[in-house]
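Structure record follows, encoded as structure tokens.
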Amino acid sequence: MFLPRLSNKKWTLSFAAVSLVAVVISLTGMKSFQPHQAYIIQGASKGSMISLVNEIGGEVVHDFAVIPAISAMLTEDQVSVIKKSNPLIRLFADATVKLDAKSNEWHNKKPLRFKAKNNKVIWTAKNRTNDDAEIDSLTINWPQNNGKLKNLKVNGKKVAKNVDGNSYTHYFDDYVSVASKGKVKLAMKFDAISSVADSDYAIALNLIDGSIVELDSVKQNITRNEQRDTYFPSQVRANELHKMGITGRGVGVAVIDSGLSKFEQLEYNSFGEKREIHRKSFVGKNKDAFGHGTHVTSLIANSDANYDESGNLTGSFNGIAPDVNLISIKALNKKGDSTYSNILSSIIYVIQNKERLNIKVLNLSFGAEAESLYFYDPINVALMAAWDAGITVITSAGNTGADGMTIGVPGNNPYLITVGATSDNYTPFNYEDDFVASFSSSGPTHAGFIKPELVAPGAHMQGLMSEKSKLFKDYSVYDDNNGYFLLSGTSQATAVTSGIVALMLQDQPHLSPDDVKCRLIDSARMAQTESGNLGYSIFRQGAGMVDAYEAVMSQASNCANLGMDIKKSLQAEEFYAGPARWNQETEEYYVESHEGFEWNGTAEDAITTEAIIWPTGGTNQGPKTDAIIWPTGGTNQGPKTDAIIWPTGGTNQGPKTDAIIWPTGGTNQGPKTDAIIWPTGGTNQGPKTNAIIWPTGGTNQGPKTNAIIWPTGGTNQGPKTNAIIWPTGGTNQGPKTNAIATKWIEQE
């Protein structure tokens with residue numbers, strides 16, 4: 001695992017000054033008509049990098065303010081020339097960034113199909129994951145008045161007949177295989193069809209890996225009228241704050257996404273006043289052709305009044321912070337994709353216009369696969385600058401599933417607030433059956449930080465979307481004919497949390513981003529069992545379910561991002577590692593110096609077998625792992641990151657290598673780098689290359705190369721540092737690489 005070795009030492013570095021040496025490049029012999037690709041370039045002064053790009057015939061596209069980076073269009077040969085000219089320069093392919101709406105999951109939301117004449121009910125589920133699946137058993141429940149289950153077929157094969165009662169579980173003698181992108185079809189015939197309401201039926205497919213695919217029909221719980229309850233404001237107790245006049249009034253919330261369509265509930269606040277909305281686009285026309293940005297923004301700011309089931313006004317609203325000012329920045333195209341350059345330009349725009357537009361909160365409901373450790377990623381560098389400027393940044397954990405180390409960029413940034421998703425199990429007023437969504441990504445990060453910090457509602461979320469948008473057209477079944485659209489993902493959970501932060505900052509405008517993070521963590525409701533054990537691993541739920549009311553009322557302070565100096569990080573002087581470790585003997589993640597948080601990094605071990613309780617209201621009594629990052633009073637003991645402070649500045653600390661980007665077969669799907677060390681638990685199928693070393697227990701696979709991370713020319717002496725577990729055989733002798741630093745200073 002790319003996690004710190006167990007250590008009680010704190011390391012800092014001093015570096016020899018290094019300047020970029022001008023290199024005269026001869027382009028003679030370069031291939032003609034090579035395709036150009038966009039790259040983000042870092043590691044030297046801007047002037048030096050711009051001169052070098054121009055000298056070799058490349059094209060500088062962006063000179064980014066705030067962060068020391070440029071972007072350029074380069075050929076393969078030009079990239080090679082730059083790398084040879086100075087090993088300190090780091091190149092990132094200007095990779096694709098995608099939205100964190102739910103994807104790569106089983107499609108289990110298809111409604112039931114009723115054939116009343118034949119008394120049949122048919123359901124189809126599709127395996128959208130990249131892995132084949134095997135069904136061990138299935139369970140069906142139906143209305144009592146349907147009578148017997150006369151016939152049950154799975155993929156056309158009869159498996160049961162004449163079943164009495166209204167429930168049946170079938171165990172297959174041979175597993176039912178469902179290939180990746182394949183389907184499974186259930187056909188049920190009853191004595192009669194007494195109900196055509198999907199909510200009266202339940203189907204669960206139990207897979208051999210321990211996961212469950214359940215009927216989650218989009219038809220079940222849509223409120224099909226204009227006067228509605230979107231539920232999630234009350235689930236996080238924002239409704240109680242609305243009744244106190246805390247609605248986010250005057251707080252500027254920036255959303256970098258696919259744009260914003262015009263809806264009355266967004267154009268006007270809860271007072272009927274024209275809302276302050278600022279729109280900016282870095283890609284195409286300033287409209288939301290995809291739909292995601294509008295949906296996310298509506299969860300934050302929808303000013304529609306909330307109604308109960310009897311049609312009575314509740315005094316609450318259908319968005320978390322109905323009176324915020326909105327800054328909509330379009331960086332994603334009509335397909336929901338973007339580039340590093342567009343995202344960077346958007347972040348820098350937010351920083352530069354912070355005072356003018358009173359931007360206090362930045363919502364990022366997108367992600368990219370980690371290309372490096374957090375501190376080398378340009379998006380993360382820009383977001384650290386935003387955080388340091390006083391902007392609280394909320395980002396999504398991702399939707400790659402429950403296995404460990406699946407948090408992407410920028411969710412892997414330790415300073416930011418990263419949010420996972422929960423489902424209310426279609427019982428919005430019963431918290432006892434809520435669960436962490438199967439698609440929600442898990443920590444720790446490759447640098448050992450516990451992520452996500454929080455979880456929030458993120459399944460079947462009712463938000464606004466234009467019928468002209470791509471998402472609406474592609475998935476119209478999720479529309480309720482009143483402008484509302486159901487969408488799931490950590491994107492939506494992030495929006496809920498951003499709205500809560502706006503409520504906090506209306507009530508106490510002086511709060512710093514660290515204060516906000518501290519109070520959110522301190523007030524969260526952690527899922528636990530009746531016996532007081534964790535309901536989910538802290539690497540799945542973080543500090544627990546966000547609680548808007550308790551966060552606003554909290555007086556906690558000095559309990560987030562301790563032991564880390566963001567200014568030193570921005571000056572490339574120090575970087576940090578978190579308290580999570582990987583035990584190669586037991587093949588489990590654990591937290592240094594703390595028992596009870598072991599997890600093998602797989603979905604089936606992410607949750608206890610005991611009943612789960614989510615505490616509701618009042619002080620959270622749950623297991624907060626206080627000494628790690630969530631104090632309940634007294635001195636906060638962590639995260640001190642004593643194990644390591646990563647060196648930067650001066651020399652090339654990579655992990656950036658000549659193999660920064662490589663295809664794993666077919667088209668390269670985005671940023672893949674040997675900075676990633678893949679976990680041995682779970683089923684992470686990531687890009688394995690000769691450039692990577694990963695511990696699997698037993699025989700270490702793959703050729704070992706001295707140029708794994710830092711090819712600085714000459715003999716590479718590293719990378720062998722206490723920061724990293726390198727299972728190369730023998731004992732790791734600590735920081736021994738000339739490529740990293742000229743001097744190590746041990747501090748107590």
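Just so it is clear, glycine is given a Cβ too, placed from its N, Cα and C backbone atoms.
Those TrEMBL annotations? Automatic predictions, nothing curated.
Per-residue confidence over the domain 'Peptidase S8/S53' (248-535) averages 92 (mean pLDDT, predicted model). Summarising the annotation, TrEMBL assigns domain 'Peptidase S8/S53' to 248-535.
Around Asp257 (active site, charge relay system), taking its Cβ as the centre, 30 other Cβ atoms fall within 10 Å, counting all chains. Taken from TrEMBL, the feature active site, charge relay system covers Asp257 (among others).
According to TrEMBL, the active site, charge relay system annotation covers His292 (among others). DSSP assigns His292 (active site, charge relay system) to a helix in the three-state reduction. A 10 Å cutoff on Cβ-Cβ distances gives His292 (active site, charge relay system) a total of 27 other Cβ atoms nearby, all chains included.
Around the Cβ of Ser491 (active site, charge relay system), a 10 Å sphere holds 31 further Cβ atoms from the protein chains shown. Following the DSSP three-state reduction, the secondary structure of Ser491 (active site, charge relay system) is helix. Positions annotated as active site, charge relay system by TrEMBL: Ser491 (among others).
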